[in-house]
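Engineer: Quick one: the structure is below, questions incoming.
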Protein chains: 2
Amino acid sequence: MADVKSDIEIARAAKKKPIVEIGAKLGIPSEHLIPYGHDKAKIDAAFIAAQQDRKNGRLILVTAINPTPAGEGKTTTTVGLGDGLNRIGRQAITCIREASLGPCFGVKGGATGGGYAQVVPMEDMNLHFTGDFHAITSAHNLLSALIDNHIYWGNEQNIDVRRIAWRRVMDMNDRALRHIVGSLGGVANGYPRETGFDITVASEVMAILCLSVDLKDLEKRLGNIIIGYRRDKSPVFARDIKADGAMTVLLKDAMQPNLVQTLENNPAFVHGGPFANIAHGCNSVVATTTALKLADYVVTEAGFGADLGAEKFFDIKCRKAGLKPDVAVIVATVRAMKMNGGVKKDDLGRENIEAVNKGCANLGRHVQNVKKFGVPVVVAINHFTSDTDAEIQAVKDYVATLGAEAVLCKHWAEGSAGIEELAHKVVELAESGHAQFSPLYPDDMPLFEKIDTIAREIYHASEITADKSVRDQLHAWEAQGYGHLPVCMAKTQYSFSTDPNLRGAPSGHVVPVREVRLSAGAGFVVVITGEIMTMPGLPRSPSSERIRLNEQGHIEGLF
Amino acid sequence: MADVKSDIEIARAAKKKPIVEIGAKLGIPSEHLIPYGHDKAKIDAAFIAAQQDRKNGRLILVTAINPTPAGEGKTTTTVGLGDGLNRIGRQAITCIREASLGPCFGVKGGATGGGYAQVVPMEDMNLHFTGDFHAITSAHNLLSALIDNHIYWGNEQNIDVRRIAWRRVMDMNDRALRHIVGSLGGVANGYPRETGFDITVASEVMAILCLSVDLKDLEKRLGNIIIGYRRDKSPVFARDIKADGAMTVLLKDAMQPNLVQTLENNPAFVHGGPFANIAHGCNSVVATTTALKLADYVVTEAGFGADLGAEKFFDIKCRKAGLKPDVAVIVATVRAMKMNGGVKKDDLGRENIEAVNKGCANLGRHVQNVKKFGVPVVVAINHFTSDTDAEIQAVKDYVATLGAEAVLCKHWAEGSAGIEELAHKVVELAESGHAQFSPLYPDDMPLFEKIDTIAREIYHASEITADKSVRDQLHAWEAQGYGHLPVCMAKTQYSFSTDPNLRGAPSGHVVPVREVRLSAGAGFVVVITGEIMTMPGLPRSPSSERIRLNEQGHIEGLF
């Protein structure tokens, strides 16, 4: 193990090709690539618009079991599978989310894969990248400023200042901003009121950018944002205070997908990154649909485990964008199976077939859930050096009993050579034409029933509870014409239940709906079933203390 | 006048050259240009470091009379003169400041010149540009978050939470954030305290970035920021909470100057943009010193009128960076002379020689002041179509009495062809070798005497007043080793006095020093003589209401 290189060492040793060469592989002329340095580029909107009549490639979703502290390697597998497909002769593009800046200064950086399955340049991607998140921050906060300015100058729209729903955002982990009183200091500064900041990835603007098909759609959705309510409870929209045009201008460049490359010089689109709890947790629709026009295979991922990520990918992103996924890959690890089987983190190094077998229940539930969407499933066992052959075989045997296959993948250590088998299996499933994708529930189902359907079918809950106020709110939105929207579940990612400590495959639990929120611009109803943190804090010894430039000008401590 | 094109029409019709061609003119190989699109690039730090042994070109400062609502056209003249020098065969680079995003959504955009003397791409430059200001916002707010986080986890440094000097910033005009109470909401969110936001250009990080010579210097200065004080009044520095390394990493790319082009395809460096009141108001030292290595002539500007802008350029930027300006151009207009002579804005269209003569006193004072720094002066009369020959002659005659020359400039209407005479005059003065630059006061003068010197010599005040607490504070800083710093005057830009309504050349007035602040990282003591607004608000009908993308995808309303 002594000669194992760190992710950053591997990334720095990468032989990157000029980004115009990567674009050329996809048939993108250099004048349609907007460079950001020599290794990043945006694909311009005109080129994207011109591809609309082309045939789509196959869409592969990479999802996972419920995350455990053992780590599953979902992004690593997404990147590895993209490289694997290219290796076996399929033109493939990997589509993943952009990293949020704030958390890099807290505990961890790195949302760009790992080992020999990474996307580069990793430093840039964990810092400002191409400025998309900064643009989202600006657009969000322009709307915030316009709201208080509107009230300051006479409140022509009669916004009830107690019922302003729009907060501010910052791409920073800053708990001091969670809850503030603003507009203090006298007459020149406005009307004091309670408000606060969320982290930028939690902004509805982020969700909107990721679901919009073009700038026109973006502007319409931004205009549809509900910023608050009047005393008669009627909603006030962003367009009512004429914010949509300027917000769109701020987001014009951010709407264009970013092209980078894997360590093996294959194309990757890295674009957008909405929260996976109060939003849908997938990269942008523009990136995915553009990739489908340019490649035989598009490999993308969804946030958290399949109970949240895949469900939202299918029921929100695919439904809204008309996407038809061909295969779903569920990532699991032997270590995570053992944790689900009751083993503590410190004991993961010891072989424990019994725990593996027990923990497989979690994986099994996800396999069966994903099949409900009509999408063929294959399990990827992301290999760790401590895994024993018997443990791996136990997972394979278990998955076989579900009528599916589990494939051992060594892309972390070996790059695309280690994931050829999975690539072949994915191609076999995709080209079999077995996929018959359909969302879990129809558009016209009442909102509460949609929640109920997800809770029963996906979480295996026995019932959902909600106060009358919650039910009344859902009915009110249905009356206002929002009943056709999908629901976006905000639940702990660690369990099928709302109790993060309940691993495995619990059933018969109760899902309490604490609060519902309408993201009218993004186009979904957020259903909150627990404590949802939308502005993280920093730990006692934040990683920022160790981040600096060394004598060679390299960044230390970011990863 | 019907066929006069707007600035944005002229800018859109520009025949831009690829930025690599502009770089090639300066001898910058394309691999040392970091492209941001096809028309913007950063010059990489390695290339800059390699030029240090080259001879410097000549440095020309463009400054102005006190600004009036009539408009003087200082940036327009800076850009025009750069083009004019290139036209007459001198390799010249224009160095100006970056535009702040926030104000573009309030009243005005456009800090990129005007008419046929503009820098392009103007839309980008008024929006996110190359992300420098976003990086500064992030670095500033990371430090803010680390301060509250330090207190949250036990306040090991014993920061007196009543004496935290570091606020937060946002690049937005948002009066609601001027004064807030943060950390509300209970134990998980920290210790409630009063704080607020400034606009990003007012951040000390901005001033630091603009005064640093390289990344090492930047990190040292960031570490020197005073974030607050302990109960014993000893300062707590950013380095005490280990913020300097991560802030430097966030600013790594922002430190590299941006290369763009004028309408005439001449090179322009647009980099940094500190406030001209609480900071020094000049583009970055890195941009200016790099430009001096690459060109025969470097034309740069300073904020506000010469009483603030030129004084700070000389006493702060030139002193600290070892720059030796060769010529100063003072921009004036006939209209502004009339306003200084007592004419109202609506009456500016009528010839009024008497008012011109009277208003010239303001110009004369600036000419004499600038000469005190040992720099030869020429006056540029920025031509307006309403100017009469007699009015222009009156200005010229007046300036001649001061032993200087005033040159009529028509660059706004004619581009470089309209400013040839000024270019020749500047070359004549620069190559005469008459410049003997020296700052107004020596480093070792006591701080209060420095303020007194500026007030008497530049403002022609009869005395300065200050409470004992202010004087004590200055003495305390001298005792702590900050006595050698220059002072940075925050005074109204509209008058030599502290009364914005006192036009012309008042003398014998009193300058009250209300407050002093130590920018220990930037390296100056800020002296506040009036109401200084560090977070602007938006007007009743902000320009954002009219900003949008039109059917052609062009931005409307931004300018």
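Here, residue 1 is simply the first one shown, and the rest follow in order.
Placement of Cβ uses the backbone N, Cα and C atoms for every residue, glycine included.
According to TrEMBL:
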BINDING   B:T68, B:P69, B:A70, B:G71, B:E72, B:G73, B:K74, B:T75  ATP binding site
Engineer: Let me make sure I understand the structure: which of the binding-site residues listed (B:P69, B:G71, B:G73) has the fewest other Cβ atoms within 10 A of its Cβ?
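Structural biologist: Checked B:P69, B:G71, B:G73; of these binding-site residues, fewest Cβ neighbours within 10 Å: B:P69.
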Engineer: Tell me, how many other CB atoms lie within 10 A of the CB of B:T75 (ATP binding site), whichever protein chain they belong to?
Structural biologist: 24
Engineer: List the residues of the same chain that sit at least 6 positions away from B:T68 (ATP binding site) in sequence and have their Cβ under 8 Å from its Cβ, in sequence order, or write 'none'.
Structural biologist: B:R335, B:A336, B:M339, B:N340, B:Y494, B:R503
Engineer: Within 10 Å of the Cβ of B:K74 (ATP binding site), how many other Cβ atoms are there?
Structural biologist: 26
Engineer: Comparing the binding-site residues B:A70, B:E72, which residue's C-beta has the most other C-beta atoms within 10 angstroms in this structure?
Structural biologist: B:E72
